[in-house]
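Chemist: Structure provided below as structure tokens; questions to follow.
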Amino acid sequence: MTLQHMEARLNELEQMPSIKPELSIPKALEEAGFSRRDFMKWAGAMTAFLALPSTFTPLVARAAELADRVPVIWLHMAECTGCSESLLRSDTPTIDSLIFDHISLEYHETVMAASGWQAEEILEDSIKKHKGNYFLMVEGGIPTGDTENYLTIGPHGKTGYQHAKEACDNAKAILAIGTCSSFGGIQAANPNPSNAKPLSAVTNKTVINVPGCPPSEKNIVGNILQFLLFNEAPALDVYNRPKWAYGLRIHDLCERRGHFDAGEFVQSFGDEGAKNGYCLYKVGCKGPYTFNNCSKERFNSHTSWPIQAGHGCIGCSEPNFWDTMRPFEEPLHGRPLAFGYGSDALADKIGVGVLCLTGVAIVAHAALASMKKNKEG
Ligand code: FSX
Ligand code: SF4
Ligand code: F3S
């Protein structure tokens with residue numbers, strides 16, 4: 001898509017009515033104390049975050065200012081509401097949370113006042129009114145079990161599955177927010193009593209997956225901006241995750257990576273290695289198997305993230321991580337080590353199994369780094 005196309009797209013958005021004409025996004029930003037300079041700095045960071053050249057910054061800023069023009073329907077299925085919390089619970093409003101507050105949220109069960117039948121009616125009306133034009137953002141896995149009443153409001157209401165399907169059928173774009181919606185999440189973990197499935201199981205349309213339990217506020221807002229600008233899905237990986245956000249492993253940009261390479265590992269929580277910020281691989285970090293941008297972006301306006309806080313990554317943006325990444329505080333056991341060099345004794349010492357070929361390379365690397373360290377020490 002050329003710059004001209006994007007400008008035409010933004011001009012088109014500008015013609016659409018704003019949801020709160022009395023409080024436009026630029027005015028809301030000003031009222032919250034953000035200067036134009038703060039906003040342009042944020043837009044510049046967002047442009048880099050979306051892997052766009054810096055010349056796109058004015059377009060990204062304009063897209064953010066027009067974010068209140070596209071109707072959004074946000075559905076809650078089976079989950080913990082952590083995804084919404086990730087955005088809405090910052091103690092001071094950030095530019096991300098402010099923009100999210102001002103998008104044209106036609107329906108969002110957590111933040112709207114309506115409940116029961118009234119809520120059902122609002123949902124039906126919003127779908128009718130914006131048929132074919134709204135962004136659908138769904139948080140949570142979709143129960144499809146035999147007990148047909150999962151997530152039904154009232155005795156004659158529709159089930160969660162029916163709501164999700166109908167909302168998908170009439171949407172312009174569909175985003176699965178969080179690992180539950182992207183891959184099933186915790187309720188789909190063994191034994192999955194409600195037979196929970198990912199959102200993609202209820203529709204044949206493209207579902208853009210934005211996993212993480214929860215995903216960062218930046219990944220949620222970034223995906224809204226991406227669609228506002230391009231009006232189409234970004235390049236996706238094999239699990240339909242946007243490559244701009246999920247193209248690299250946690251391990252690739254981890255601040256503890258130097259310690260991994262040097263064979264300096266935390267052996268148990270609270271030990272000297274932990275105090276020195278060593279690599280958390282031996283206490284279960286799944287960063288080498290996990291694709292997400294936490295090591296670059298962190299959470300809560302870049303404040304911190306799991307590995308900075310001292311716990312390994314548990315692989316929360318990967319499919320079925322509740323089952324496949326356990327135990328969370330141990331390296332992955334259970335598969336024979338077959339990395340061609342090093343003895344079983346060494347394997348025991350490193351204490352790892354392998355998940356996949358990448359795992360083999362990682363284990364080999366960890367083993368070699370450790371051997372080198374022992375030799376030196
Ligand atoms: Fe919770 Fe969202 Fe995890 Fe799931 O996040 S943080 S259980 S991904 O659907 O609310
Ligand atoms: Fe970071 Fe984990 Fe990789 Fe260690 S194993 S460098 S803590 S991502
Ligand atoms: Fe999840 Fe790992 Fe990031 S646990 S939040 S993907 S560091």
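Don't overthink the numbers, they just go from 1 along the chain as shown.
Every residue gets a Cβ built from N, Cα and C, even glycine.
As annotated in TrEMBL:
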type	residues	note
BINDING	Cys80, Cys83, Cys180, Cys213	[4Fe-4S] cluster 1 binding site
BINDING	His251, Cys254, Cys279, Cys285	[4Fe-4S] cluster 2 binding site
BINDING	Cys294, Cys313, Cys316	[3Fe-4S] cluster binding site
DOMAIN	80-226	domain 'NADH:ubiquinone oxidoreductase-like 20kDa subunit'
DOMAIN	246-328	domain 'Cytochrome-c3 hydrogenase C-terminal'
TRANSMEM	350-371	transmembrane segment
Chemist: What is the total of other Cβ atoms whose distance to the Cβ of Cys213 ([4Fe-4S] cluster 1 binding site) is within 10 Å?
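Modeler: Step by step: centre on the Cβ of Cys213 ([4Fe-4S] cluster 1 binding site), count other Cβ atoms within 10 Å, giving 22.
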Chemist: Is it possible to list how many residues within the domain 'Cytochrome-c3 hydrogenase C-terminal' (246-328) are helical, extended or coil according to DSSP?
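Modeler: Summed over the domain 'Cytochrome-c3 hydrogenase C-terminal' (246-328), the classes give 32 helix, 6 strand, 45 coil.
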Chemist: Below 8 Å Cβ to Cβ and six or more residues apart, same chain only. Which residues does that give for Cys83 ([4Fe-4S] cluster 1 binding site)?
Modeler: Glu139, Ile177, Gly178, Pro214, Pro215, Ile220
Chemist: Please check each of the binding-site residues His251, Cys254, Cys279, Cys285, Cys294, Cys316 and report the ones with a CB atom less than 6 Å from an atom of ligand 1, ordered along the sequence.
Modeler: none
Chemist: Given the binding-site residues Cys80, Cys294, Cys316, which one's Cβ is surrounded by the fewest other Cβ atoms within 10 Å?
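Modeler: Among the binding-site residues Cys80, Cys294, Cys316, the sparsest Cβ neighbourhood within 10 Å belongs to Cys80.
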Chemist: To what whole number does the mean pLDDT across the domain 'NADH:ubiquinone oxidoreductase-like 20kDa subunit' (80-226) round?
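Modeler: Averaged over the domain 'NADH:ubiquinone oxidoreductase-like 20kDa subunit' (80-226), the predicted model reaches a pLDDT of 88.
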Chemist: Using Cys285 ([4Fe-4S] cluster 2 binding site) as the reference point, find which of the binding-site residues Cys80, Cys180, Cys294, Cys313 has the shortest Cα-to-Cα distance to it.
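Modeler: Minimum Cα distance from Cys285 ([4Fe-4S] cluster 2 binding site) across Cys80, Cys180, Cys294, Cys313 lands on Cys313.
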Chemist: Determine the binding-site residues, out of Cys180, His251, Cys254, Cys279, lying near ligand 2 in the sense that the CB is under 6 Å from one of its atoms, and give them in sequence order.
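Modeler: Among Cys180, His251, Cys254, Cys279, near ligand 2: His251, Cys254, Cys279.
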Chemist: Which residue among the binding-site residues Cys180, Cys254, Cys313 has the fewest other Cβ atoms within 10 Å of its Cβ, if you could check?
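Modeler: Counting other Cβ atoms within 10 Å of each of the binding-site residues Cys180, Cys254, Cys313 gives the minimum at Cys254.
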Chemist: Compare the C-alpha of Cys213 ([4Fe-4S] cluster 1 binding site) with the C-alpha of each of the binding-site residues His251, Cys254, Cys294, Cys313, Cys316, and give the closest one.
Modeler: Cys316
Chemist: Centre the Cβ atoms of His251, Cys254, Cys279, Cys285, go out 8 Å, and tell me which other residues of that chain have a Cβ in range of the [4Fe-4S] cluster 2 site.
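Modeler: In sequence order, the nearby non-listed residues are Ile250, Arg256, Arg257, Phe260, Leu280, Tyr281, Gly287, Pro288, Ile307, Gly312, Cys313.
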Chemist: Go through the binding-site residues Cys180, Cys313, Cys316 and pull out the ones with a Cβ less than 6 angstroms from some atom of ligand 3.
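Modeler: Passing the 6 Å Cβ check against ligand 3: Cys313, Cys316.
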